[in-house]
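Colleague: Found this in TrEMBL, in case it helps:
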DOMAIN    15-269  domain 'CoA carboxyltransferase N-terminal'
BINDING   Cys19, Cys22, Cys37, Cys40  Zn(2+) binding site
Amino acid sequence: MKGSDRMGHMPAAGTWQACPQCGEHHHRLEWAPWQICPSCGYYQRLTAQQRLTQLVDQGTFQPLPDLAMTAATTGFPDYAAKLATAQTKTGLAEAIVVGQAAIDQQVCVIGIMDSHFMMGSLNQVVGQKICQLFEVGSQRQLPVVLVTASGGARMQEGLAALTQMSLTLAAKSAFDAQGGFSINVLTDPTMGGVTASFALQADILLAEPAATIGFAGRRVIEQTDQVQLPADFQSAEQLLTRGMLDAVVPRAQLKAQLAQLLRLGGKSA
């Protein structure tokens, strides 16, 4: 029986959820624990907290020291209001959380971007936190795991946001020079300046199924170049066939896969 047939006439708010891909309604318990549609396999975009719960051993996450808070001083219309809304909605100060944790007893420093916070956009503070991730990884001689989810650089911060592309790459280069080991997990979406900078720079590149990974979006390219792009354009699966990824890993298997890889260059708890 389809979810829409089982749904009561007056369900409690938030009890049932329509899949953005197939349109079927399913009870929230049917989406749990991986937030995957039971009908079509669509992957919901996770919050940073959901991702932490799925990947990190309970009680092991220790946030890194806070850096400067984002100040909406660019003069961009409504930026302060949008920033405040994102902070209230997500409970986060910015579009990434960073800390030390264990994944199946394998200690690492981990950064998780949250697309629910202004599309996970890269700004000065997010860039600083990613740099901090690599710096702490070097200092503590720990591997780095970075989960990307971003629409690109934050337009409200202009050139200052774009500068983070080179700064994060410099931090990653210094980490590499110290013999650091890194794994990136690309999730939907990973686009724009994030893809063009640190997202594809890791020893191991993993992605979730059907994640959109690229620079300019499909519609922009089709309208600019007047071309019809293939259905799998910019998908994780397409990038895998072209050798740009090491593996596409189902969400339910991701923690085990990360732990196995971390054993190559990590530390046990």
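Note that Cβ sites are derived from N, Cα and C of the backbone, with glycine treated the same way.
A TrEMBL annotation is a machine prediction, not a hand-curated record.
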Colleague: With a radius of 8 angstroms around the mean position of the C-beta atoms of Cys19, Cys22, Cys37, Cys40, what other residues of the same chain does the Zn(2+) site pick up?
Modeller: Pro20, Gln21, Gly23, Glu24, Pro38, Ser39, Gly41, Tyr42
Colleague: If one looks at the chain holding Cys37 (Zn(2+) binding site), which residues at least 6 apart in sequence have a CB under 8 angstroms from its CB?
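Modeller: Those within reach of Cys37 (Zn(2+) binding site), by Cβ under 8 Å and sequence separation of 6 or more, are Cys19, Gln21, Cys22, Glu24, His26, Trp31, Tyr43, Gln44.
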Colleague: Please work out which residue of Cys19, Cys22, Cys40 has the most C-beta neighbours within 10 angstroms of its C-beta, and give that one of the binding-site residues.
Modeller: Cys19
